[in-house]
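Undergrad: Sending over a structure as structure tokens; questions will come in a sec.
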Amino acid sequence: MKDDSKVGVGKPKHLKPGGAKVVAGKAGAVRKRPASAGPTASVEAAVAKITPARLAAFEILKLVGENKGHSDELLHSARVDGLSPEDRHLTTALVMGVLRWQIALDARVRGLLQRPEQRLAEPVSIALRMGAFQLLHLERIPAHAALSESVELCRAAGEPHATGMVNAVLRKLAAAQKPGVRIHESVAAFAERLGHPRWIVERWVAAYGRDVALKICEADQQEPVEGTMFAERGGDWPVMDDGSRLVGEIAAAAMPGAKRVWDCCAAPGGKTLVLAKRLGGAEVVASDVSAKRLAQTEARLRRYAYAERVEFAVADAAQAKGVAGEFDLILCDVPCSGTGTMAGNPEIRHRLKVEEFARQAERQRAILTGALKRLAPGGRLVYSTCSLEAEECEGVVDAVVGAGGVVRVPVDGVIAQLAENGVLSGEMGSAVRDGALRTLPGVHGGDGFYAVILERV
Ligand SMILES: C[S@@+](CC[C@H](N)C(=O)[O-])C[C@H]1O[C@@H](n2cnc3c(N)ncnc32)[C@H](O)[C@@H]1O
């Protein structure tokens, strides 16, 4: 018997060669297509029915899916700058929301297809995700707008054969009941409901337990908000994630009398600002391997009077070249998978592969080993990541400490000092694990960070 809750794609896929492309320019304008691409009337009519915000969001999601850009950069590019403030806001909500919920949205849509295993063309999937996201997660969007503009996006992207299916799926979704009360939910079920790949959630369950893994997933689905971890904020404090600031605060408090400080992976400079503000008497050198990122960091830091004396250098920390002398405090905030930052960087989950952790760990070991060559006797180095994965955290530190020359200093005392001095607004004892800092999204507020203090012997 035909299940009429299932929707089929009108026709098997036979795309016209050179299927129409929708390109939002500065103000969401449409780029002219070559005459050779065939008739355009229906494409242009479709584009005219789409609001600039949805057009820009569609374009950005397409580029992110093709690995041609990062959502954050694309949302701050000329294509979005030309939009009205309301349209910019909606574009951001659509892009970040779809990236956060993509896995769950795809599962809901698949459940409504006649052939759930069928692979949909990417523009069709994006139009469906955008429509489903608006219907399920955005309260102030009228259902008819979400629905009809997804259909038009599909047509405008050169997929007219799929418009009937998109319309029918979204209609069913709009009419569907909300999911009922969950009595017991498997890890696979909550991973899908909360838009995460199952394999990464299973790793978190193994590392932190089921309840914490669920909290991490829930936190990843929220837009980051201003934290409450620190007593002092606003004024000339930079706007930054609490977990990230805590790493900077720990580094500064690990060596309060430091004279020479090296922030060896500094861009975009959030923790450099914390070091400069806390260690007023120290010479602070901020370096990064990327000249472009360092230039942006320098421009950012120049807006803060207390960062005036920070010196900048392009340097590969793994080579320990490009900066002179020894330092009594080094912050080594290495590049990582970023699994602790998925609330603000939702697409990480779609690109991540398990092999990535070993590759990152190798690079992190090289950077930490290089940076340690510049640590003065008795000096301290803080190694940190925004990863939740042991390979990039404990694994790297164990390997480097095992090679000799440095010992671990438990972070407990430094955190207690921060609480005593009134820097922290509350108790953070639960964020210490085996002598290292381990903050978890949804548990401690802010992103998930790891930090350990090492001392040169
Ligand atoms: C996690 S980010 C640092 C964030 C920064 N500490 C902050 O709080 O704003 C890592 C940085 O390391 C830089 N990087 C990557 N490899 C490097 C290397 N071999 N030497 C120095 N910097 C490196 C990247 O360009 C990136 O800017």
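Glycine residues also receive a Cβ, built from the backbone N, Cα and C atoms like all the rest.
According to TrEMBL, the protein carries these features:
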- 1-35: region 'Disordered' (REGION)
- 18-28: compositional bias 'Low complexity' (COMPBIAS)
- 169-457: domain 'SAM-dependent MTase RsmB/NOP-type' (DOMAIN)
- Cys265, Ala266, Ala267, Pro268, Gly269, Gly270, Lys271, Asp288, Asp316, Asp333: S-adenosyl-L-methionine binding site (BINDING)
- Cys386: active site, nucleophile (ACT_SITE)
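For each feature listed, report its degree of burial, its nearest neighbours and the pertinent distances within the displayed model.
TA: Non-local contacts of Lys271 (S-adenosyl-L-methionine binding site) by the CB criterion (under 8 A, 6+ apart in sequence, same chain) comprise Ser244, Arg245, Val247, Gly248, Ala251, Asp263, Leu331, Asp333.
For Cys386 (active site, nucleophile), other Cβ atoms within 10 Å of its Cβ number 27. In the three-state DSSP classification, Cys386 (active site, nucleophile) falls within coil.
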Undergrad: Determine, to the nearest whole angstrom, how far the Cα atom of Gly269 (S-adenosyl-L-methionine binding site) is from the Cα atom of Cys386 (active site, nucleophile).
TA: 15
Undergrad: From the Cα of Cys386 (active site, nucleophile) across to the Cα of Ala267 (S-adenosyl-L-methionine binding site), what is the distance in angstrom?
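TA: Checking the Cα atoms of Ala267 (S-adenosyl-L-methionine binding site) and Cys386 (active site, nucleophile) gives a distance of 14 Å.
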Undergrad: May I ask for the distance between Cys386 (active site, nucleophile) and Asp316 (S-adenosyl-L-methionine binding site), taken between their Cα atoms and rounded to an integer number of Å?
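TA: A Cα-Cα distance of 20 Å.
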Undergrad: Calculate the per-residue pLDDT averaged over the domain 'SAM-dependent MTase RsmB/NOP-type' (169-457) and state the result as an integer.
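TA: Mean pLDDT across the domain 'SAM-dependent MTase RsmB/NOP-type' (169-457) comes out at 95.
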Undergrad: For Cys265 (S-adenosyl-L-methionine binding site), what is the tally of other C-beta atoms lying within 10 angstroms of its C-beta?
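TA: Step by step: centre on the Cβ of Cys265 (S-adenosyl-L-methionine binding site), count other Cβ atoms within 10 Å, giving 23.
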Undergrad: Enter the number of other CB atoms within 10 angstroms of the CB of Ala267 (S-adenosyl-L-methionine binding site).
TA: 24
Undergrad: Per 10 Å Cβ neighbour count, which of the binding-site residues Gly269, Asp316 ranks highest?
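TA: Buried the deepest by this measure is Gly269.
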